[in-house]
């Protein structure tokens, strides 16, 4: 009986149960937003289910956003997940819950939480080396001197984080080719993607008090897929000396489903061997494995162009959290931080067109023509899965975005 | 009769009327936060006053933050200001309003609005040239090639913006002297200030739609003073290639009073003559004067160390807003953007200790000893005023912060 009998091998079985926020698409349906939990190709209205079962978690789940659940903290996260697992697996609940499931095709998915601060890191050594070789070909080392000592990051614009499926308007801005004497203004001609994983903070921290490495799971609720859209021409002209600004701030897309860390225990792996000694606040040698074996896939107009392996990331999410707060910066519920572009060691594993086409030198051959950077009408989709218990796969949903033409200023 | 008969020459007379949020300090008093308007050395409980007078603006003013007023837009801002001006100047209202005034000494001031995104610019040519000369002494030009073509900016951490009077814990982090082979960890030994002006966005904008120069006053509600605390040693090691991060993100202090743009009409001045042609979206030649004649004062432990003139800023707040959105980035109510460090042409007008001491080379002589960078226990206070109507001064309040010792990680 659907939705309960999810086919074997479905990456959204009861071992996964990611969270999102949905409304019923039918204009005659109730338009309000509710917390949903995905099971197969259905969404469970989690608040309605909690009410129907007399659950004490109705207060956290019968909400228009994930914010109250995120703020509730690690113990509540695990307790709620345990309850949800029972609801969707214990046959006695089936009749009660059936009316609260909706087919995915009947719902609209929304940005599931209020983004507080958004930080983006730069944690893939392969990506950083590729970028260094492309932009600083004469440098003695393709990595900057600080790269192996700290997870480099910067703040992005939280107000332009959008949910998967939101169109992305091609940004305009200044660019200047090396031979030009002055910059020109116009639509970006080097619009790119960055395939990343985003980490969602639930539990806040106090200003002035660093969060140590070992407290990562107390603060981070789960993860999502993230596409850090990047206008390379705008970025190249603006970024010295204060970093990327308009080249990144027009849009950042995240998947509609947030996968709780608790669903990813079987995906945890050791990060790559560290080549440089780490300062104590970043030294994870005695911590639990901090990497995740996530297999990402990047498709343009349905054609897979890359399969970046997240397990290759040099810096872990726990290290990034410890670094981000070591100066006393506080965390808020809804803080989002991106891993940085995920690029593996081989050509087919690069997470940006900048790297895949080596800054436009080597065009990709797609069924609908060649690509160096994105054209209007291109739709980019990131998907991913992770190993789950007993040989299952944990699906990470998708983040999708269609490029629409630039608007006149 | 106080509070109505503000002494002549008071920079917080009825020509000013800045907005803030306060609560009564007396533990027996009502603890809730309310919107306040400053008159002399008193605060008017604006919501209570609106209710007492049967004003239609009670809905905007009887609130715990300025957020609803900020979101109400330019017409409402001017209408509310006109009403408040009448309330505090028409003698017939005195008896009704008197109970709703509180002496400043009886109230606690709070962060007056919810900070959405925080962006910091770099708009003082004197500051940028000083920094260039200090950090890149061998460069042919102390400005980077983009500086005269666009207002350089970057995103900061909105979650660590604090109100004046909040202590600032000395941050710890990584630093590496050029001669060192590896970074060391510890409390910052080069803790600095940046004297800035902050602009507060009220009216949001749509993602994908740039905000033109001429729409500045429709979107920006007012301004505040801002101290962008900076750990120069942390910043120097981390900032290549993605810009400042932990060197800035531990705290940013803003004044408790937001001065509406409508109070600053007499302070508007033309910005410095532009030395380079501007792209059309930044060309303000045919716009109203975009600069402000704000006289800032920087004091350490009560001793004035600098008087930076805001009128020297090369890029205006309207240009910064147009630039920030030209790529389609949307605005939200509560967005805050800093001008960048304000430094005049002369030594006594520099807005950071980095410049005032030339990176620690020339110590300042204070009554309590020499200073290169800030010591624990130092209290920094920024104040400012602007020319008002009829020879008056418009006070911009103050932003104050005391440095407390680093905590162990």
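One-based numbering along the chain as shown.
Backbone N, Cα and C atoms are what each Cβ position is placed from, and that goes for glycine too.
Residue A:127 (active site, proton acceptor) falls within a helical segment according to DSSP. Counting every protein chain shown, the number of other Cβ atoms lying within 10 Å of the Cβ of residue A:127 (active site, proton acceptor) is 28. As annotated by TrEMBL, active site, proton acceptor applies to A:127.
Taken from TrEMBL, the feature substrate binding site applies to A:122, A:136, A:235, A:239, A:341. The number of other Cβ atoms within 10 Å of the Cβ belonging to residue A:239 (substrate binding site), over all protein chains shown, comes to 22. Classification of residue A:239 (substrate binding site) by DSSP places it in coil, neither helical nor stranded.
Here TrEMBL flags A:228, A:248, A:252 as Mg(2+) binding site. DSSP assigns residue A:228 (Mg(2+) binding site) to coil, not to a helix or a strand.
Under DSSP, residues within the domain 'Fumarylacetoacetase N-terminal' (A:15-112) fall into helix, strand and coil as 46 helix, 23 strand, 29 coil. Residues or ranges marked as domain 'Fumarylacetoacetase N-terminal' by TrEMBL: A:15-112.
Mean model confidence of the domain 'Fumarylacetoacetase-like C-terminal' (A:119-394) amounts to 97 (pLDDT, 0 to 100 scale). The domain 'Fumarylacetoacetase-like C-terminal' annotation in TrEMBL covers A:119-394.
Listed binding-site residues (A:122, A:136, A:228, A:239, A:248, A:252) with a CB under 8 Å from any chain B CB: A:122, A:239. The Cβ neighbour count for residue A:341 (substrate binding site), using a 10 Å radius over every protein chain in view, is 29.
The DSSP secondary structure for residue A:248 (Mg(2+) binding site) is coil. The distance from the Cα of residue A:252 (Mg(2+) binding site) to the Cα of residue A:239 (substrate binding site) comes to 18 Å.
Neighbouring residues of the recorded Mg(2+) site, listed in sequence order and excluding A:228, A:248, A:252, comprise A:120, A:156, A:157, A:194, A:226, A:227, A:229, A:230, A:249, A:251, A:338 (Cβ within 8 Å of the Cβ centroid). Classification of residue A:341 (substrate binding site) by DSSP places it in coil, neither helical nor stranded. Listed in sequence order, the residues of the same chain lying 6 or more apart from residue A:228 (Mg(2+) binding site) and placing their CB within less than 8 Å of its CB are A:120, A:156, A:193, A:194, A:196, A:248, A:252, A:338, A:341.
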